[in-house]
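Chemist: Quick one: the structure is below, questions incoming.
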Amino acid sequence: MIHPDPTLFGHDPWWLILAKAVGVFVFLVLTVLAAILIERKVLGRMQMRFGPNRVGPKGLLQSLADGIKLALKEGITPAGVDKPVYLLAPVISVIPAFLAFAVIPMGGEVSVFGHRTALQLTDLAVAVLYILAVTSVGVYGIVLAGWASGSTYPLLGGLRSSAQVVSYEIAMALSFATVFLYAGTMSTSGIVAAQTSTWYVFLLLPSFLVYVTSMVGETNRAPFDLPEAEGELVGGFHTEYSSLKFAMFMLAEYVNMTTVSALATTMFLGGWHAPWPISLWEGANSGWWPLLWFTAKVWVFLFVYIWLRGTLPRLRYDQFMAIGWKMLIPVSLAWIMIVATAHSLRTTGHGGWASGLLIAGTVLTFGLAVVLWRTMRFRADRTVPARTAADVFPIPPIPGRAGAARTPESRETTDA
């Protein structure tokens, strides 16, 4: 197992840096094309239909055909839009999606034409904070798209998206705090190296579950796709977009899905380390093999996205915000205090007490989550009290019928 030497970053020749940047871009684009096709195929199987099956063998070229179609369609700019902002919004949305992947480690140290390099474009001492900052910029594109469209539905979708990102970005950042405590670094390659013996999904299970919930809300995917809810907002923030501009929004959505899936792999599933029992093979974590393990883990999370979309209904807006503010954030804060205490005990030589505290803390955290969830369910299931006749707005008398203003109850009695 060869972990990248931190001194390698920034010393690659220019052609190797360019090759790695192009490689990351191609990896993301191919993943998006495959994810769209597989999503449609899997949803088709879930709904007892075939899915795409006309373009290419078994429909394998459907995503490519859709991309070409969108690129060649006529671009229509509605009247009344703020044109410069309207055209700039898709670009602001898609560029941060690609930039965030620059610090994701996709493998260990390899040799390319005699040059030792890491399968990672670059790394920073605060790489995870860089990812959080860059992904937060993408929401500006959504908000500006809603504002510049000059329509009510896109504006509501943009405002929903901004509130959604603010709410779930806090929970996502809190889930990372425990990882920073255990790894002792915010560098992505350092966090992967710290998981050589044990993945953090086993040590920090509550943090992992909070992150998985937050990443679905962060990327505006079902059942948290409120900014583009078709039944409420037609198409949400991209209602007024078509052709290549609409394709850029869709590209940004799927690239963001890939990025947060890769971040989950890096933070909790050991990054590019081979899973057990493959890790028993001596060469599993050397050479180009780690790229395969990394890609497989990313696809596990992408399948979770597809699975959730095909099985869960969309939440109401108040339910969605309540989950973020009333459950995820309080649970994360309680779990951080438990992990910080356990980490202090471990560093002072009380490993047994630390392990027991983590186990008890996990149980207590799940108990707190259940209590908060039941409280929210009780508030959501409250019945509306029956209204008396005095509370009902009176119905004006109908022409041709005698009598004063009637309530619905009196009308039913009279009609009967």
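Glycine is no exception: its Cβ is also placed from the backbone N, Cα and C atoms.
The annotation transmembrane segment is assigned in Swiss-Prot to 16-36, 84-104, 124-144, 165-185, 197-217, 260-280, 288-308, 320-340, 353-373.
Relative to the rest of the structure, where do these features sit?
Modeler: Same-chain residues lying 6+ beyond the ends of the transmembrane segment (16-36) with a Cβ under 8 Å from its Cβ atoms: 63-64, 66-67, 98, 101-102, 106, 112, 115, 117, 119-121, 251, 254-255, 257-258, 298, 302.
With a threshold of 8 Å between CB atoms, the same-chain residues lying at least 6 positions outside the transmembrane segment (84-104) that come near it are 21, 24-25, 28, 77, 120-124, 127, 130-131, 134-135, 137-138, 140-142, 144-145, 147-149, 188, 240-241, 245-246, 248-249, 251-252, 255-256, 258-259, 262-263, 266.
Outside the transmembrane segment (124-144) by six or more residues, the chain places 85, 88-94, 96-97, 99-100, 103-104, 157-159, 161-162, 165, 169, 172-173, 176, 180, 185-189, 191, 218, 220, 227, 237, 252, 256, 259-260, 263, 267 with a CB less than 8 A from a CB of the stretch.
Beyond the transmembrane segment (320-340), the same-chain residues lying 6 or more positions past its ends with a Cβ under 8 Å from any Cβ of the stretch are 163-164, 167-168, 170-171, 174-175, 177-178, 181-182, 204, 206-207, 210, 213-214, 217, 224, 226, 357-358, 361, 364-365, 368-369, 372-373, 375-376.
Sequence-distant neighbours of the transmembrane segment (353-373) (same chain, 6+ residues past either end, Cβ-Cβ under 8 Å): 203, 205-206, 326-327, 330-331, 334-335, 338-339, 341-343, 345-346.
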Chemist: So which of 165-185, 260-280, 288-308 has the most C-beta pairs under 8 Å when paired with the transmembrane segment (197-217)?
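Modeler: Ranking 165-185, 260-280, 288-308 by Cβ pairs under 8 Å to the transmembrane segment (197-217) puts 165-185 first.
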Chemist: What else in the chain is close to the transmembrane segment (165-185), if you only count residues 6 or more beyond its ends and a Cβ gap under 8 Å?
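Modeler: Non-local partners: 125, 128, 132, 136, 139, 191, 194-195, 200, 203-204, 207-208, 210-211, 213-215, 217-218, 267-268, 321, 324-325, 328-329, 332-333, 335-336, 339-340, 343.
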Chemist: Given a Cβ distance threshold of under 8 angstroms, which distant residues of the chain, six or more beyond its ends, lie next to the transmembrane segment (260-280)?
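Modeler: Residues packing against the transmembrane segment (260-280) from afar: 1, 101, 104-108, 119, 128, 131, 135, 176, 179, 188, 191-192, 195-196, 199-201, 204, 207-208, 211-212, 215, 218-219, 289-291, 293-294, 297-302, 305.
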